[in-house]
Amino acid sequence: MVSAFFKNRRVYLLTTVAYMGSLLFGYDTGVMGSVLALKAFKQDFGLPTDSSGFASSKNADVSSNVVSLLTAGCFFGAIAASFLNERFGRRYSLMGFAVIFLIGAAVQTGAHHEIGMIYAGRVIAGLGIGGMSSITPVFVSENCPPERRGRIAGLFQEFLVIGSTFAYWLDYGVSLHIPVSTKQWRVPVAIQLIPGGVMLIGLFFLKESPRWLMKNNRHTEAAESLAHIRCATTDDEEVIRELAEIRAAIEEELNATEGVTWKECLLPGNRYRFITGFCLMFWQQFSGTNSIGYYAPQIFQTVGVAKSSASLFATGVYGTVKVITTGIFLIVGIDRFGRKKSLMAGALWMATMMFIIGGVLATHPPNTKSTNVSSASIAMVAMIYLYVIGYSASWGPVPWVYLSEIFPTRLRAYGVGMGAATQWLFNFVITRITPEAVNHIGWKTFLMFGIFCLAMGIFAFFFIKETKGRTLEDMDILFGAVSAEQRAQDVERSLAVEKKAGAIQLEEAEPKH
């Protein structure tokens, strides 16, 4: 295992830098949900300070706006990234979106008594985060070896939950140790500038994706990039073989559509992939996870953890459970159990927990005036933790991995961009309706998410194809875009071209006597 890690050390380094964008995604979503519960924030922006959860309609409205405006910005950022990603490459596009995010974070940090500045900063930061969410899975998956791709690409979710959990605990810390003042909420909002800066600087030291370079006929650079990320030389047998597979797949795509990209989307094998990707990200949002993730302190108050600091502590524990479970699943689960089984088992587990929470909340509603946490409230908090264990070992990391690996090279940026935009669109819908749903239908909100989770499991059973252990180029065979025999012939032909090109380069490099 140590030798495998050492051989892939540059892949892990690239992943760490690129997934700073995912960490920011998690941090920015986690930080504001908890900041909204701080008394200092309510005072600075003229909100009622004597109500908890979503009991105040004004607080519910501002909470909904602050959270949903980020996701609206993310939606448009993800769409724009699909095209910029193809035009300028993965690396330069990420740099641009990192700068946009830093501007948005600075606007939020500098906001003073004017909620409109917070709203504007959220939209700008959202454009940056949405763009990153569309590009980073592509950038990482295109550099991963197939046998480790599930684990490495799945780190997208691990970085995301690390970011949100750090935000949760930071907000809990400032609520205890920083007196009620403007500094109490400004510190957690400002800290997001640090990972954003680290990401921007780190991108200067990375190489462009070999698959994007090959698609743009920059074959020599593609060979150098792939050899660098594999810690090998350009004449290494495995590097030459992988380049041949990439070249063969790209040529097949071009031949099938005479180079017209939109025609490729309509081919049966690709059409199935686009529809599956859309549905996967749609269902991920309707699992209920982001309702808890964005509004965790208020949700815990809803189920009976009324004191602000206690709900922030419960939120911190919730995030920690996500980090640990996601890490364990990526190490031992995703490349062992595969994508399909994980999605089905996770959906059933989550549905069960949501039904139990809804049932307990209906029969044992919390007493908002009580200073003690009832046994029913403790049970519901435990169920929320058990729910997130199921999510973190299935619908958290798996959709992002699946989305980043199923599309052909020429369509991968568009496919992942479509999936990311879908995620943000329905993320926006969920964040808009959650405060109102909890406010108006209470326990039935959890029942609704339980039914959605059951539907997700049925979808996974009938429509998800298993992809573990396959190369990115194998996906065309799996989805019926090309036959195995045709691919073998094309690879052999491309292999001959790659070896001939390598021999010419070697000959030119030899000193003339």
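Glycine residues also receive a Cβ, built from the backbone N, Cα and C atoms like all the rest.
Taken from TrEMBL, the feature transmembrane segment applies to 12-38 (among others). With a cut-off of 8 Å between Cβ atoms, the residues of this chain six or more beyond the transmembrane segment (12-38) that come close are 5, 59, 62-63, 66-67, 70, 94, 97-98, 101, 105, 122, 125, 128-129, 132-133, 135-136, 139-140, 143, 152, 155-157, 159-168, 170-172, 174-175, 184-185, 188-189, 191-192, 195-196, 198-199, 202-203, 205-206, 229, 290, 293-298, 308, 311-312, 315, 319.
Under the heading domain 'Major facilitator superfamily (MFS) profile', TrEMBL lists 14-468.
What TrEMBL records for 66-85 (among others) is transmembrane segment.
Residues or ranges marked as transmembrane segment in TrEMBL: 92-111 (among others). Within its own chain, the transmembrane segment (92-111) has Cβ neighbours under 8 Å at 18, 21, 24, 28, 73, 77, 81, 84-85, 117-118, 120-129, 131-132, 135-136, 139, 186, 189-190, 192-193, 196-197, 199-200, 203-204, counting only residues six or more beyond its boundaries.
Per TrEMBL, the feature transmembrane segment maps to 117-140 (among others).
Within the chain carrying the transmembrane segment (152-169), a Cβ under 8 angstroms from the stretch's Cβ atoms is held by residues 8, 11-12, 15, 19-20, 22-31, 34, 136-137, 140-141, 144, 188, 195, 293, 296, 312, 315-316, 318-320, 322-323, 326-327, 329-330, 334, 392, 396-398, 400-401, 404-405, all 6 or more beyond its ends. Feature annotation from TrEMBL assigns transmembrane segment to 152-169 (among others).
Residues or ranges marked as transmembrane segment in TrEMBL: 189-206 (among others).
What TrEMBL records for 343-364 (among others) is transmembrane segment.
Away from its own ends, the transmembrane segment (376-402) comes close to residues 137, 141, 149-150, 153-154, 156-158, 161, 277, 280-281, 283-284, 287-289, 292, 299-300, 303-305, 314, 317-318, 321-322, 325-326, 328-330, 333-334, 339, 342-343, 345-347, 349-350, 353-354, 356-357, 360-361, 364, 366, 419, 456, 464, 467 of its chain (Cβ-Cβ under 8 Å, at least six residues beyond either end). According to TrEMBL, the feature transmembrane segment maps to 376-402 (among others).
Per TrEMBL, transmembrane segment is recorded for 414-434 (among others).
TrEMBL lists 446-464 (among others) with the feature transmembrane segment.
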Out of 66-85, 117-140, 189-206, 343-364, which stretch has the largest tally of CB pairs under 8 angstroms to the transmembrane segment (414-434)?
66-85
Close approaches to the transmembrane segment (343-364) from elsewhere in its chain (Cβ under 8 angstroms; 6 or more beyond its ends):
287-288, 303, 374, 376, 379-380, 383-384, 386-387, 389-391, 393-395, 398, 442-447, 449-451, 453-454, 456-457, 460-461, 464
Should anything in the same chain at least six residues away from the transmembrane segment (189-206) have a Cβ under 8 Å from its Cβ atoms, list it; otherwise answer none.
14, 16-18, 20-21, 23-24, 27-28, 31-32, 35, 91, 94-95, 98-99, 101-102, 105-106, 108-109, 128, 163, 170
Taking the domain 'Major facilitator superfamily (MFS) profile' (14-468) alone, what is its mean pLDDT?
82
